[in-house]
Ligand code: HEM
């Protein structure tokens, strides 16, 4: 065979470009220089770096999840269920990656955690504004959760907006009503800045949906939401177990009772009727 037939076999592969007038296009896009210089540890303990970076990695995943669930909520508002399901399915993979990032912190001993715990002062993940937006999207609204963010205008404004917007679940229930399901007016017209409380009629709606066409759009939506709910519950439980291993029953740096408080939080079901309806199908 002639060389002309396979010119790529004869020539050396091109090497990447090295010369750029300013910063690299990679840097301009990823902002890696900024991102990799945000690791300001507070102690001399070498184990603190992975604690800080894991926390930062989780903040980035929270940001992606908020984006996906806002995309899903917006799509539902305009009756575009396929776009909503696609965003929810992406978020399921992202939740799996988020949960996998517990690994480096999952088995800290109390002595290891104590080596830098004091340096954290009153700092706690409880004060994460992005996690709070995530909870708000799931329906766990609470105006008092804005209080810690009074000193951070952008985070406060974003949270306040999210507080007064319908959650992802509110949008799902409104869609079910538009599809002819008997979602009560009291649910559809509820004050969306309040925590969503489970409703028996909504449970019946989901039971009816799940008794119908199994590969119908609404069952597929329900299952994508159930995957999300399960993985959020897993994040809470992995957090709970990591905390129990690292500090037993001591009080949290954020001022709570620690494990006992987290146990109460982890008991709450995300999208409650999607779980309870299963007893009636
Ligand atoms: C093993 C290390 C960790 C321990 C011992 C721990 C401990 C705790 C404790 C005791 C609380 C209750 C509030 C308080 O009094 O502070 C809490 C809340 C919280 N932590 Fe952690 N945590 C750990 C790692 C993380 C990481 C890596 C993240 C990622 C951002 C995180 C995010 C959160 C969030 C979002 C809350 C609030 C949960 C809610 O509002 O339901 N934690 N943590």
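In case you wondered, yes, glycine gets a Cβ from its N, Cα and C as well.
Per TrEMBL, the stretch carrying the note region 'Disordered' among 1-22, 23-44 is 1-22. The two recorded residues, residue 117 (substrate binding site) and residue 239 (heme binding site), show a Cα separation of 16 Å.
Around residue 239 (heme binding site), the same-chain residues six or more apart in sequence whose CB sits under 8 Å from its CB are 102, 125, 262, 266, listed in sequence order. Sequence-distant contacts of residue 253 (substrate binding site), defined as residues of its own chain at least six apart whose C-beta falls under 8 angstroms from its C-beta, comprise 117, 120, 121, 122, 123, 124.
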